[in-house]
Each structure stands twice: as structure tokens, then as C-alpha cells.
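**Q** One structure coming up, written as C-alpha cells, with questions to follow.
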Amino acid sequence: MSKFNRMHLIVLDSVGIGAAPDANNFVNAGVPDGASDTLGHISKTVGLNVPNMAKLGLGNIPREQPLKTVPAESNPTGYATKLEEVSLGKDTMTGHWEIMGLNITEPFDTFWNGFPEEILTQIEEFSGRKVIRESNRPYSGTAVIDDFGPRQMETGELIIYTSADPVLQIAAHEDIIPVEELYRICEFARSITLERPALLGRIIARPYVGEPGNFTRTSNRRDLAISPFAPTVLDKLNEAGIDTYSVGKISDIFNGEGINHDMGHNKSNNHGVDNLIKAMTSEDFKHGFSFTNLVDFDALYGHRRNPQGYRDCLHEFDERLPEIIAAMKEDDLLMITADHGNDPTYAGTDHTREYIPFLAYSPSFKCSGLIPVGHFADISATIADNFGVEKAMIGESFLDKLV
């Protein structure tokens with residue numbers, strides 16, 4: 001019998017808690033990540049008021065300098081620690097795959113200066129359409145269609161862009177480039193980005209509609225991912241017949257592997273919380289695991305180096321946390337963590353190599369406090385231990401610490 005009948009893991013995308021020991025091996029605009037500290041710098045520069053996460057023990061997590069505006073709790077209601085990444089990467093897929101038990105020794109390729117001409121030329125030859133070279137760089141998905149949508153409507157050229165993650169995205173106005181044609185082009189792009197020097201995690205079709213100045217992305221997005229290179233704990237749970245619920249982009253990150261209930265993409269963090277609560281309160285979800293990604297911290301504020309917006313986004317999530325807790329059953333476990341850092345006060349616009357926070361809460365807890373500092377994959381090892389399945393490649397369970 002499982003110690004916790006249901007386990008819920010929420011990834012606050014990019015909410016790091018201080019530079020990892022190997023942070024200086026990773027850079028942002030030529031600056032090593034060694035001084036990065038997402039939560040620390042937000043707390044120090046613009047203030048952070050997250051009483052519900054603080055109550056669980058966020059301010060108790062060991063740090064050289066305590067979080068300036070998140071007080072430590074003398075009697076927290078949950079368990080807290082920080083976790084270190086061992087994989088060679090600081091992107092979304094690497095972080096999530098390691099959380100689910102894999103050790104990524106060869107990171108995916110990212111393209112901060114845009115994709116090489118060879119890739120663009122191959123896509124042009126396959127599609128019969130030109131590629132807009134000026135969009136070929138890391139770009140906001142809404143800004144790129146605002147900037148180049150009018151030109152695409154006139155010329156039929158492809159808008160190709162990337163991000164901090166190992167992705168190639170193609171935006172196309174549905175009235176100019178039909179969705180099925182866009183999908184075919186993306187499938188070709190997927191076929192030529194499966195190995196180095198362009199090993200990409202995902203190809204994303206980004207259809208949109210509207211007129212210049214009023215473009216809107218549609219729900220016809222399609223992600224062409226690659227599956228994890230080895231079974232994750234999600235696969236182990238699925239094979240054992242245990243329910244696994246995906247909220248947000250989790251299913252895309254794992255290419256659907258090990259997911260048997262997908263709640264769909266989130267329109268926003270708040271929509272993601274709504275979807276999580278919908279799953280938690282479903283009569284069908286009696287036993288199993290839910291896995292949620294809330295990406296707004298990263299996509300809207302981290303890469304754009306907006307500490308005020310990032311802080312407000314954290315406040316917004318913290319205000320919803322009591323609703324999530326209210327949806328829990330007595331023998332549920334809630335876990336809150338991250339997948340990497342993205343310090344909005346730091347150099348550059350890329351992710352930062354950081355520890356991630358880990359908070360755990362159950363209505364059944366008799367005790368609380370700190371658990372030892374560990375590694376990302378300890379989360380999945382703990383999940384596997386709870387449900388009686390094998391862990392994946394790496395990770396050590398701390399299930400016995402949660403009492």
C-alpha cells in the first residue's frame with residue numbers, strides 16, 4: 001500500500017534558489033552563472049511576499065544569505081530543501097528529464113545566434129518557401145509575429161525562430177500557409193534535427209490568425225518532440241497501471257511517454273492551476289501522480305529580465321496555493337520545485353545554472369522541517385518508492401523523511 005495515495009508535483013519553471021556548485025561552467029552573454037540567484041535577487045531587489053510558500057518552509061532552505069524578504073518559519077507546515085542538477089544542461093527538457101530520473105550527459109543544442117544557413121536552406125528547398133532571416137534568433141513568440149507577420153502576409157515567407165531551449169519554432173498565418181502545410185514543414189524540420197550539430201528537443205508549429213497589429217496564436221499548435229532516451233519513472237508508473245496526469249507542457253517535454261491523462265496546454269499559470277485542481281478533484285483520479293508545469297515565470301519574465309513581473313507572478317501563484325491544498329485528500333502529497341534558474345536580474349537572457357527549491361506538504365504530516373540537500377532525480381526516486389515501482393537511472397528516495 002502506498003504511503004501517499006496521490007502525489008502532485010508542480011514545477012515552477014525557472015524558479016532557482018542560488019548558483020549551483022558548477023555554475024561557473026555555464027555562461028550568460030559571456031558572464032559565468034556563478035553569481036546567479038533567481039529567488040535571492042528577486043527577494044533582494046524588488047521584494048517577495050509569498051506567505052503560503054514561506055509557511056511550507058521556503059525561507060528555511062539552507063543558503064549562504066537567507067532570502068531577504070521571505071522569513072524562515074520556526075514551525076513550518078512542510079518539508080524543504082534544495083536540489084542540485086547533475087546533467088550537462090540547463091534547459092527545460094534536461095531539467096524535467098532529470099527530475100524523472102535520467103542523467104543527460106550530452107546536452108541538446110541551442111542556437112543563440114540563430115540556426116545555421118544549412119538548416120534554413122534545407123527547409124526552403126523542401127517547402128518551396130523562403131525563410132525570413134531576420135527572425136532567425138531567440139525571439140518572443142508574440143513579438144515575432146507582430147514584427148514579421150505583416151511581411152509574411154505579403155510574401156508567404158516562413159517565420160523561423162528559437163528560444164533559450166533547444167527548439168525550432170515556425171510561425172505561420174493560417175490564411176497564408178495552411179495548417180496542414182505548416183505541419184508538413186515542421187515534420188521535415190524534425191527529420192533534419194535529430195543528431196548533432198543540431199540535436200533539438202522540439203520542433204513547434206505556431207499557427208496564428210488576425211491582421212497586422214492584432215495577431216493571435218491559435219490552438220492549432222503542434223509539438224514534435226523526441227522521446228526520452230531511456231525509461232523514466234513516468235514510464236514505470238504507466239507500465240504498472242498507475243494514473244499519470246500531465247498539466248501544461250509536461251506531455252510535450254516527454255513526447256507523451258508515460259502519460260495516460262493529459263489535461264492539455266496552459267493558457268497561463270492561473271489556467272494551469274485551474275487544470276491541476278480540475279484533475280485533483282476528478283472522481284476518476286483516485287490513485288496516482290500528477291505532474292504540472294507552470295511556465296509564465298520563465299517565458300514572460302525570466303528571459304525578458306523583468307524582476308517586477310517575475311515577483312508578481314510568484315505572488316499570483318502563492319495566492320492560489322491554498323486552493324491547491326484545499327483540493328488535496330488526507331493521504332495526498334504536494335511537491336513544489338523548479339527545473340533550472342532564470343535570474344531576471346542577471347546578464348544575458350538565458351537560463352541560469354542553479355539549485356532548485358523543493359517543498360513538500362501533506363495533510364497527514366506529523367512532523368516538518370529540513371531534509372538533506374539532494375539532486376533533481378531524488379524526486380522521481382521518491383515517487384517510485386512510494387508507488388512500488390523501480391526508479392529510473394539515478395536518484396535516491398527520501399520517502400522515509402516525509403513523516
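Placed from the backbone N, Cα and C atoms, the Cβ positions cover glycine too.
Fair warning: this is a prediction, and the values are worked out from it, not measured in the lab.
According to Swiss-Prot, the Mn(2+) 1 binding site annotation covers Asp13, Asp339, His340. If you look up Swiss-Prot, you'll see Asp298, His303, His351 marked as Mn(2+) 2 binding site, on the strength of sequence analysis.
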**Q** Which one is closest to Asp298 (Mn(2+) 2 binding site) in space, judged by CA to CA distance, out of the binding-site residues Asp13, Asp339, His340?
**A** Asp13
**Q** On the three-state reduction of DSSP, what should I expect for Asp13 (Mn(2+) 1 binding site)?
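**A** DSSP assigns Asp13 (Mn(2+) 1 binding site) to coil.
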**Q** To test your reading of the Mn(2+) 1 site: which residues beyond Asp13, Asp339, His340, same chain only, put their Cβ within 8 Å of the Cβ centroid of those residues?
**A** Val11, Leu12, Ser14, Val15, Gly16, Thr92, Gly95, His96, Asp298, Ala338, Gly341, Asn342, His351, Ile356
**Q** Tell me the Cα distance separating His351 (Mn(2+) 2 binding site) from His340 (Mn(2+) 1 binding site), rounded to the nearest angstrom.
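**A** Between the Cα atoms of His340 (Mn(2+) 1 binding site) and His351 (Mn(2+) 2 binding site), the distance comes to 7 Å.
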**Q** Could you give the Cα-Cα distance between Asp13 (Mn(2+) 1 binding site) and His351 (Mn(2+) 2 binding site), in whole Å?
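**A** One finds 10 Å between the Cα atoms of these residues.
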**Q** Hey, what's the Cβ neighbour count for His303 (Mn(2+) 2 binding site) at 10 Å?
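**A** The answer is 20.
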**Q** Within 10 angstroms of the C-beta of His351 (Mn(2+) 2 binding site), what count of other C-beta atoms is obtained when all protein chains are considered?
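**A** Here the count is 32.
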